[in-house]
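K.L.:
Following this message is one structure expressed as structure tokens.
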Ligand code: M6R
């Protein structure tokens, strides 16, 4: 995830910027850079790779000056490279910008600027901002930034410097976090508290649509419309470790709570302004080629495969083309039937999983086109696939995948709708209907998260058991598989996910007095059948937690011991909500058992061996 740090004061800024960026390293990044006002003017040094690369460059040629901005980049628009790293400047080299977030309309803006003679060096959306500000500058950097941001759509936290006003540092926040640190004769900006914690514990937290103008003497707070505002200083009493996790006890919990943002970011710029169609300009596959596809293979490992199981339901429902899902480690050894009319979709958070990469290569060798859904720009999977949809979950640190999985679901929803609108299997109003429901998901996840305490209680009780079952039908079964994997992975409690109708063909024998059963019943078309399956387990003494739709509470209460209601959405979209209580369940069970939640035994975040 990108990180921002900025300084204006009386000390050399370079070491403060580098130290601040180091404190943000845990968030993941692929390149870094700083801009400092030196005696020569506004100077920038930036490089792809780890911070040590940047430090090495600066050792020979340090940037000396007491005002500067720094950035660690997690690529979203354009691969990791020196040129794509931040800070970005305009053509006059008088304006420099660091940016977290995504500018949705950057292509339009870039085109306009290019028509006016601007030259661009990078593939990023951020470079557009420095050019825009330079165009809007008429002697006051604050007004120029205000005018520029009015032209931008999307999410942004910005740090802006101009050589014309070397005693001011401007910061803006819109849908991407930014804080201002206050010290005696020195001020800071940062995307996260750890970056500046060693210098100050007094901060202003900017809200969306607010900006700050920092000088050595003080901080002026205002809205992007130009109205001055006042704020209370927030005194941080967290230690560094707590600050890294934004106050959460574990990265996994933090990442579970980041899902509303991950959903918004993954949808951002991919839904037309009128909300009636999906826009995926990153896809090279043509409408003709999409029309020619007659089968799909979804190939992945672990949690990514479980996202693929939901993806199968989504594509078959929206596009009506047969989809097979495959475990990547099996795919290339079972001689799958791959024809040039097969679209192979590989799913991978890291984009580096050896089995998934091998499956991708096998598919291409057999002449199939490969679409990758991955979270890491510039990863092997992203580089080698023919088409790529990047999920914008941001780096995932906990081994147990949560926000990456749910962002993969969003990617499948978007791609399924895009395909459906392209071949006409869904009409415009049907697409718009699903898109409206998708846009409500982030807020609905927030509602689910607000009830985390309910799940905590259930988790504590199941943590005493050595075996349990997850059951569901249709798309709920796909989610049950993810719930079961998550629980095994971090709590080490054995569990099985079963298609609810299949239980009585053997596994029911394992249900005895007190066996916990987590039953998902969010699919209205099989609701009655699920109730019957639950009764079958209850008759053998199961202790059932029902994950249900809001509105069914009274009726379901007769059949289950405990229940958790998720907000209503379209049946196809329910996994994006129903997975959240299951993630929380595994988190709290692991916690109750005293395990290392973020680093479970025997597992690695990225599996780069076969
Ligand atoms: O990076 P990938 O998505 O390709 O990783 C695939 C699996 O190794 C991964 O999803 C694993 O199952 C997770 N630790 C599950 O939480």
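Keep in mind that glycine also has a Cβ here, set from the backbone N, Cα and C atoms.
For reference, TrEMBL lists these features for the protein:
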| type | residues | note |
| --- | --- | --- |
| ACT_SITE | 2 | active site, nucleophile |
| ACT_SITE | 605 | active site, for Fru-6P isomerization activity |
| DOMAIN | 2-217 | domain 'Glutamine amidotransferase type-2' |
| DOMAIN | 286-425 | domain 'SIS' |
| DOMAIN | 458-600 | domain 'SIS' |
K.L.:
Please work out the mean pLDDT for the residues of the domain 'SIS' (286-425).
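P.N.:
A mean pLDDT of 95 is what the model gives the domain 'SIS' (286-425).
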K.L.:
Could you give the Cα-Cα distance between residue 2 (active site, nucleophile) and the residue listed as 'active site, for Fru-6P isomerization activity', in whole Å?
P.N.:
20
K.L.:
Within the domain 'SIS' (286-425), how many residues are helix, strand or coil going by DSSP?
P.N.:
66 helix, 28 strand, 46 coil
K.L.:
Out of 2, 605, which of the active-site residues is least crowded by other Cβ atoms within 10 Å?
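P.N.:
Fewest other Cβ atoms within 10 Å, among the active-site residues 2, 605, is found for 605.
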K.L.:
What counts of helix, strand and coil residues does DSSP assign across the domain 'SIS' (458-600)?
P.N.:
72 helix, 30 strand, 41 coil
